[in-house]
Amino acid sequence: MRSFLIGLFLLGAFACNLKSVSAHRIVNGGGGAIGEQPLSKIAIHEAVLALRESASVKAYPSLLGLKRKKVIEISDYGSASSCYQESDSKMQSPYICSAPIKYKFANDSNLSYTKAGKATIRFQLINQRADFSFALFSGGLSKVRDSFLQPIQLQKTKVEFIFPIYGPYFCVLCPNAFANVKIIVVKIVARTHTFVLQPKLVAVSNYISFANPKAPLYPRLAQGKSWNEMTVTWTSGYNIDEAIPFVEWGLKGHQQGRTPGGTLTFTRNSMCGSPARTVGWRDPGFIHTGFLKELWPNTRYTYKLGHRLNNGSYIWSKMYLFKSSPFPGQDSLQRVIIFGDMGKAERDGSNEYSNYQPGSLNTTDQLIDDLENFDIVFHIGDLAYANGYISQWDQFTSQVEPIASAVPYMVASGNHERDWPGTGSFYDTKDSGGECGVLAETMFFVPAENRAKYSTDYGMFHFCIADTEHDWREGSEQYKFIEKCLASADRQKQPWLIFAAHRVLGYSSDKWYGEEGSFEEPMGRESLQRLWQKYKVDIAFYGHVHNYERSCPVYQSTCVNSETSHYSGTVNGTIHVVAGGGGSHLSAFSPVNTTWSLFKDYDFGFIKLTAFNHSSLLFEYKKSSDGKVYDSFTISRDYRDVLACVHDGCEATTLAS
């Protein structure tokens, strides 16, 4: 059966001469491999113009955003008047203007589309600073060369035995392929014919526009470099020569003041490779950040984003609300959410050709529903899984906006944000799709002096966030940072010391780790476990492995506490938690049962930490499907328990009086 594809494109101009585009393949056009970016399935550079008078696409409504409706969207054309040509001959594949933003098959709403020739398809659009248009393609997702057999002569034979049906035979009378019955087997004497399928553009719709495509959108809060500072980052279409960005904010119900925003962007040349430099590239707009300083602790503030245009008029976002951070050591109820590897998904059912992040929306929606019951979020790597398709970062920031606009949304660097060969990443892989950290580090603020590692305080918590995409081993710059961060915690004021990183530097029963025999990222805990023990880290969190697992308090692969649900007294050993089930395809466990693993769950979920005071902490693992608690434990202790001497965790003493 022929396949027809509807794709949504952002229009700078659809001016790429498809007939002259290089016909290099960028992906296998076969079945969806787990973890493969859905947009990489569409080989637009192999498409040919085949516009038909008999085919048409009509998109409506033609103007969106008058009442801040969410947009209905489909895919994206190029943003330049000619195709970009990579200067490096080794990177000529792909060689194309731009990939679509979304796609659906035309028979999604009408299974008889290929016969009836009519269908209505709904897309949800968001403002991405340009007009949209929809395109109808036939011929499949990519160029496929195949062959078929044309029968010349049929030779029939009666047989009676058990056999499987293979090769150039087909069964005429068979209850099943292994039946012990009299059957007729037909052998085909045939001639082979070869044919080629490739995408053909057969129709293009009218334009769909937003009332104000440059409007400030998708605010995301983050902790500043001091406890009483909050940062607001947002995206717009306004450069500084068009408008001055600022945040209007203040105590809820009081007079509002204004803080200017800085402006950043990046170009195609900032990308390290394909598809980010080629098929995946599109203009990211402008990223603005305002710094709201000298906040009162635990206080509600309102804010809205603004741009003062050169003509003196103003463009505004809607009003938002957040609560400022508590003073370090403040004794109050403090609640933290932690997960990794969430990604994004499409509420309109588009784009998910390979079921890329099936749990993403469930996690997002559970957090939105419970927004009043937590104070800060840590998304520890593998954020959008854009993998070089720049349009997907708008989609991701739109998806998390209800959360990130209300509480600090802190991020860590993962392999799908940073890794690219020859760019200084610790792993020489192409997992970032050529983004090499530029997108994540521009789209989200972290209080880091250099790269993506940082420390931050939230009341009674002290967080040390490591960057596993750069060297962490003993003697490295990052090792020194980690030790300095752990040592800087004032455990009398901040009793809860948390370490977090993307890759599993501690313990995991992941299938692949098990096959390696390490049950960790290679070289992971060998360098760091002495630091965790010396500074008495309570819990270490990881993503990367897409499931949930909790260890006992462990040191050097040995459980140092026999309890499973309540821990009290001296701090000895660190509890290691894999929380990578935020939304991306799940990871299998090793069949080996390790002695340090207490709880495993092959499902999507997230962690909630609740500090009631300096002596009592509650840990909960919740599933994204229903928000219910499926694993939990508590910690109760006093300050003297943190000071107590344990193996490899003792302060120096002297016999002198």
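The backbone N, Cα and C atoms fix where each Cβ goes, glycine too.
Lifted from TrEMBL, the feature list:
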{"type": "SIGNAL", "residues": "1-23", "note": "signal peptide"}
{"type": "DOMAIN", "residues": "80-142", "note": "domain 'Purple acid phosphatase Fn3-like'"}
{"type": "DOMAIN", "residues": "219-323", "note": "domain 'Purple acid phosphatase N-terminal'"}
{"type": "DOMAIN", "residues": "335-548", "note": "domain 'Calcineurin-like phosphoesterase'"}
{"type": "DOMAIN", "residues": "573-632", "note": "domain 'Purple acid phosphatase C-terminal'"}
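For the domain 'Calcineurin-like phosphoesterase' (335-548), the mean pLDDT of the prediction comes to 94. As a summary of secondary structure, the domain 'Purple acid phosphatase C-terminal' (573-632) carries 0 helix, 31 strand, 29 coil according to DSSP. Residues in the domain 'Purple acid phosphatase N-terminal' (219-323) partition by DSSP class (helix H, G, I; strand E, B; coil) as 3 helix, 53 strand, 49 coil.
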